[in-house]
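Asks: Attaching a single structure in structure tokens format; questions to follow.
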Amino acid sequence: MANKVKAEIGVIGGSGFYSFLDDVTEVRVDTPYGPPSDSLFLGEVAGRRVAFLPRHGRGHHLPPHRINYRANLWALRSVGARQVLGPCAVGGLRPEYGPGTLLVPDQFVDRTRSRPSTYFDGLPMPDGTVPNVVHVSLADPYCPTGRAAALKAARGREWEPVDGGTLVVVEGPRFGTRAESLWHRAQGWSVVGMTGHPEAALARELELCYTSLTLVTDLDAGAESGEGVSHEEVLRVFAANVDRLRGVLFDAVAALPASGERDCPCGAALGGMDPGIALP
């Protein structure tokens, strides 16, 4: 039974991925930061132990700005995950990134404003310990090994991905104005979403490998001339592509190295700095 509550890879995604796992065990995990979005669902994918966490909770009841990102990443690490895949829906900021495009970003820009985004905030933990001030590098926020696995998996499924680009993360839950969208595009950014930060930053602080896979579900307001983005259209395009994305995730999981064989810098992100708290 102990094996059933352990995983080496985490996947944070939407409700369309529940059927992703075989032989599923549901596990409730408590964290010093409160409960994660939902239970962890642990099972096997391509012979690998995987923990799936529904980012918005069952029934999609958590808006992006109210997701407990710190608890989510902490929970995944606590069951053994050291590599995390984070698929999410985004809007395309350029006409060439239309609905159905899979973009694997290599950068992000944070335009959120109210989300706790670090474990090292100097505030006491419930047990009284106080984290030290720690500054991790986020120059390259995504795991190079995970990105390579995701790109190879997509190509193997005959879905040519966009290799690289910048994901701008906004607060939500509203969609952007045309002025905001045009400004994002003018900066040279590629896609816009609501959940990519602080996942990547928190994963780095926990020395986890994190890879974002963004599925374009719509052209953002500044890239189209219609009535703007609608939630219904986002859901329709996501549903039309979820099977393909599941297949890419399946193959990416199979291609990731064993946790003890990681050769990327993610596992040494703290660089020997003392976090002042016991990581799970």
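In case you wondered, yes, glycine gets a Cβ from its N, Cα and C as well.
Checked Swiss-Prot, it gives:
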- S15, R55, H56, T195: phosphate binding site (BINDING)
- M194, D218, L219, D220: substrate binding site (BINDING)
- H231: site 'Important for substrate specificity' (SITE)
Asks: Can you tell me the CA-to-CA distance separating M194 (substrate binding site) and R55 (phosphate binding site), as a whole number of Å?
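Replies: With the alpha carbons as reference points, the distance is 12 Å.
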Asks: Count the other Cβ atoms sitting within 10 Å of the Cβ of L219 (substrate binding site), across every protein chain shown.
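Replies: Total other Cβ atoms inside 10 Å, all chains included: 22.
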Asks: Taking DSSP three-state, what's T195 (phosphate binding site) in: helix, strand or coil?
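Replies: DSSP call for T195 (phosphate binding site): coil, neither helix nor strand.
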Asks: Which residue, out of the recorded positions R55, H56, H231, shows the minimum number of other Cβ atoms inside 10 Å of its Cβ in this structure?
Replies: H231
Asks: How many whole Å apart are the CA atoms of R55 (phosphate binding site) and H231 (site 'Important for substrate specificity')?
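Replies: So the Cα of H231 (site 'Important for substrate specificity') lies 17 Å away from that of R55 (phosphate binding site).
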Asks: I need the CA-to-CA distance for D218 (substrate binding site) versus H231 (site 'Important for substrate specificity'), whole Å please.
Replies: 10
Asks: Note down the number of other Cβ atoms within 10 Å of the Cβ of D218 (substrate binding site), including every protein chain shown.
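Replies: Result for D218 (substrate binding site): 24 neighbouring Cβ atoms inside 10 Å.
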Asks: Express the distance between the Cα positions of L219 (substrate binding site) and T195 (phosphate binding site) as a whole number of Å.
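Replies: So the alpha carbons of L219 (substrate binding site) and T195 (phosphate binding site) sit roughly 17 Å from each other.
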Asks: Expressed to the nearest Å, what is the distance separating D220 (substrate binding site) and H231 (site 'Important for substrate specificity') at their Cα atoms?
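Replies: Distance (Cα to Cα, whole Å): 12 Å.
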Asks: Can you check what DSSP calls R55 (phosphate binding site), collapsed to helix, strand or coil?
Replies: coil
